[in-house]
Structure formats: C-alpha cells, structure tokens
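Below: one structure, written as structure tokens.
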Ligand SMILES: [Fe+2]
Ligand SMILES: [Fe+2]
C-alpha cells in the first residue's frame, strides 16, 4: 500500500506485480485458448460444403435486426488496432517491453484478435452479408479512430475498459441467447465463447481499478466521476457505411441493439450500479471535499439514470443497412 500521496506514475509502477498476477488469473495461454478454427467448418474436410450448407440453413432464419447487430459487433471487434494503439498511448504506464503492463496489453490484444476473426468468418459463410460493404465499414472505423475522452489517463482509461468489457460481455451473451431462440445453435456457441473472454477481461480491469482505489482513492474517485459525467461512449461511435454520413450508421446500429434488447439504456445503468458496488464506493476513505462530492454524485447516479432509461421507448424505425442484401 502506498501511503503518501503518490503520482500516477508511482501507482502504476507499484501495481506491476498485481497486474502480473491478474494476467495469469484472467488471461489464458495460447495453448489453453480456443481458436476460430475450432468452431467453424474445416475447408480441408470432405464434408466442408455439407457443413457450410447446414450453417447457411441455420442462418437463414436469423432476424434482420440480429444480423445487423452482429455485423456491427464484428466491425467493432475488428477495429482492434485502434484499441491496442489507444492502450499503448496511456500515459504513466511503464513502457519497457517486459513490464507486466506492456505484456498485459499485448496478451489482451492477442485474445481479442480472435473475436473479429471468428465472427467475420462466420458471417462470410452465412451468405447473407455483403462482405465488401462490411469490410469498407471496418476500414472506415479504423481510419476514423474514436474519442473516448479518457485523456490518455490510466485511471480514466481503466474505468472505460471496466465498463466496456462488461458491456461487450452482456451484448455478446444476449446475441447468443437470441441466436439460440432463432434456431442457430452454432452462432449461439460462437458468441458464448466470445462473451466468456469478455467476462474475464472485465474482471481483470475491475480489479485494476479496485487496486488503484487502495493507493489513490481521491484521484480514482474523481476520474470515475469525470468519465460518468462525460458518459461512456461505445468504441465504434464513428461507425459508418460507404456513402452514408458519419453518425447515422452508428445510430441505426444502436437502435437495432435496443430494439432486440441486446444492449439498452437500462443495461448502461445496471453496469454503472455494478461498478459502484464492485469498487465499494460507499466505504472508500481518505477523500477530500471534491472526492466526497464525486462519491455522492456516483452513488446517486444509477437511480437517476434508471428513471430516465425507463421513460425511453425502444426505437421503431427499421433501417436498411448496406451490409445486408
Ligand atoms: Fe472482444
Ligand atoms: Fe473485450
């Protein structure tokens, strides 16, 4: 435990052993990891075309909204280069390659890289997607980047990742449930595998923030408050399609996700409530006046947002994405 008021650089350095420990706890080795090829038809096999035919039959009945959400999720996963460079640009982290922080960044990226791969190959095989349009959206998204408003600050960044990994776990899990209901057990399984990775990542990032709260409670509280005042934006908020103005495609994507209950305003509120509980905000000590006010704001926020979310109606307007013929 750091006693005197420490700088962020000192806190991050102090956390290195902890990060190493969490990495072995929450990330899997390559040997223990699933790979996309474990879950998809094998093109070397004689029954490959038969399996693809079965896959296409199962995918035929997937609803339009579900397919649209799945494409949006895939594009989001495939913009991984943006997320890795963002992680690498967080200030105050030790930058030598052998630091547990840098190892974490690389190993996390390596795990995440399987998600886009898997979903992309699945969507390609369904025969229901205009792959060129989807690929163009991915290229756009990587080129456009994002603005998460974390200011390259580790405290803000790990609030963001704690929130976002929890949200992706939830949304992939929901897609799995809906896919199962619509008769595509294979897709349900794929999304379930992705969701379980996201769950491990969420646990790790929540643990990082929990540890920072031990060392630097006031600054951590203020960083959490700042992120929630600015609101957590989705990493794909610049998502767009060829020939469509920026902002429109993303809005239609989140509308579809709301409509089929994959990710809603109530989920946002629930995740926040979960984080407030996880980091035991009520019992944090050593706060100054600003820190106390931040705590008050944060602990009252879930109920406030819930009242707003309950009044929101699921968007009705259906939109024809260029990704789906
Ligand atoms: Fe992912
Ligand atoms: Fe993730």
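Easy rule for this one: first residue shown is 1, then count along the chain.
Cβ coordinates are placed from backbone N, Cα and C, and glycine is handled just like the others.
Owing to the predicted nature of the structure, the values given are computational and were not obtained by experimental measurement.
112 is the residue from 98, 112, 133, 241 that TrEMBL records in the Fe cation 2 site together with 165, 198, 201.
Same-site candidate for Fe cation 1 binding, as annotated by TrEMBL with 112, 115, 198, chosen from 57, 77, 78: 77. Residues 165, 198, 201, taken from the binding-site residues 77, 115, 165, 198, 201, are distinguished by a CB atom under 6 angstroms from ligand 2. Non-local contacts of residue 165 (Fe cation 2 binding site) by the CB criterion (under 8 A, 6+ apart in sequence, same chain) comprise 198, 199, 201, 202, 205. With a cut-off of 6 Å between Cβ and the nearest atom of ligand 1, the binding-site residues 112, 165, 201 reduce to 112.
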